[in-house]
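Have a look at the structure below, then the notes.
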Amino acid sequence: MNRPYNFSAGPAAIPAEVLQQAASEMLDWHGSGMGVMEMSHRGKEFISIYEQAEADLRELLAVPQDFRILFMQGGGLAENAIVPLNLSRAATVDMVVTGSWSQKSLKEARKYASEVHVAASAEDSGFTTLPDPASWQLSRGASYLHLCSNETIHGIEFHELPDLRALGSDAPLVIDFSSHVASRPVDWSRVGLAFGGAQKNLGPAGLTLVVVREDLLGHALPACPSAFDYKVVAENQSMFNTPPTWGIYIAGLTFQWLKRQREGDLSGIAAMEQRNIAKARLLYNFIDQSQFYVNKVSPNARSRMNIPFFLRDETRNEAFLAGARERGLLQLKGHKSVGGMRASLYNAMPLAGVEALVAYMQEFEQRSA
């Protein structure tokens, strides 16, 4: 079966091998007589799924032993509230605002933190650039600094995480890596907490990944619900309440798929990074040489995962989308807040899918000349 290429920003494409394995195990997981959705989360069958998923993720992302991996619920949007509920007790919260998602983070932090300070913003550029870390106005003794390391809507990415200590701050760095998790390595020496919804690169909607340094546990505000208290969740191995069992299972299969990936001598996340660089380069290079399409983001800030682009003649938008659907190129419409088109090139998108998109874009440009 030749499946269409799904460029959705999330929920997004899941590797076909993962879907096929899940389908084969739907009625009977490993001879248990049960599907995973039917299992008790405290039964030995699901415990083995959970433990393997956690171990595989720790290996893939090279998560240090002094970090805890939590499988939670609520998505990245809920984490924008859960983070300040856990970390904002001491002092000011610093925020770097680079697009729609960090704007949402700012709004939520202001509900719970006693003081929120915008250390830097790219709003004046229309969210087409990244503020130079050397220019950030960092607060003394901040509880944490939050940034969205990949802005899904505006297509902006920090390819290198800032070193806050080198900038004179002892604040832990909190990153929302929802839309680039597992697409590239993470420098954990620069991170205190990372969170992300699973529905872009890890599996289905409903699962949220949190990776948090142990010294950041136990600082929740009194008003923080127990189910959102990172210390409580960690002490209960992500099972203080019933976890999203199906999401953890599919994520676990995705982790195993990632471990099998190879690019030359590279494997796992390193292989995926090289593959993702190649996919993004192919599409950006075509857009940049075109007289018909445009990407507005500064080259050094461009996301590898989410590539917005615009037709110079926007009256052709609907025709472009209709032709794409006819060719099996799905969900290319841009976010309603910015318009245009958006191609999301998550891990499950093969290079062949990007090649098919570029071929169609070239054909459409020629027909529209």
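Cβ coordinates are placed from backbone N, Cα and C, and glycine is handled just like the others.
Feature annotation from Swiss-Prot assigns L-glutamate binding site to Arg42; the stated evidence is sequence analysis. There are 9 other Cβ atoms within 10 Å of the Cβ belonging to Arg42 (L-glutamate binding site). When secondary structure is read from DSSP and collapsed to three states, Arg42 (L-glutamate binding site) falls in the coil class.
Of all Cβ atoms in the protein chains displayed, 10 besides its own lie within 10 Å of the Cβ of Thr242 (pyridoxal 5'-phosphate binding site). Per Swiss-Prot, pyridoxal 5'-phosphate binding site is recorded for Trp101, Thr152, Asp176, Gln199, Asn241, Thr242.
The C-beta environment of Lys200 (N6-(pyridoxal phosphate)lysine), restricted to residues of the same chain at least 6 apart in sequence and closer than 8 Å, consists of Ala9, Gly10, Pro11, Ala12, Thr152, Ser178, Ser179, Val181, Met305, Ser344, Tyr346. Summarising the annotation, Swiss-Prot assigns N6-(pyridoxal phosphate)lysine to Lys200.
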Structural state of Trp101 (pyridoxal 5'-phosphate binding site), classified by DSSP into three states: helix
Close in space, distant in sequence - Trp101 (pyridoxal 5'-phosphate binding site), Cβ under 8 Å, 6 or more apart: Gly76, Cys148, Glu151, Thr152, Ile153, Asp176, Ser178
Spatial separation of Arg42 (L-glutamate binding site) from Thr242 (pyridoxal 5'-phosphate binding site) - C-alpha basis, Å: 9
Coarse DSSP state, helix versus strand versus coil, of Asp176 (pyridoxal 5'-phosphate binding site): strand
Listed in sequence order, residues with CB under 8 A of Asn241 (pyridoxal 5'-phosphate binding site) and six or more positions away: Ala227
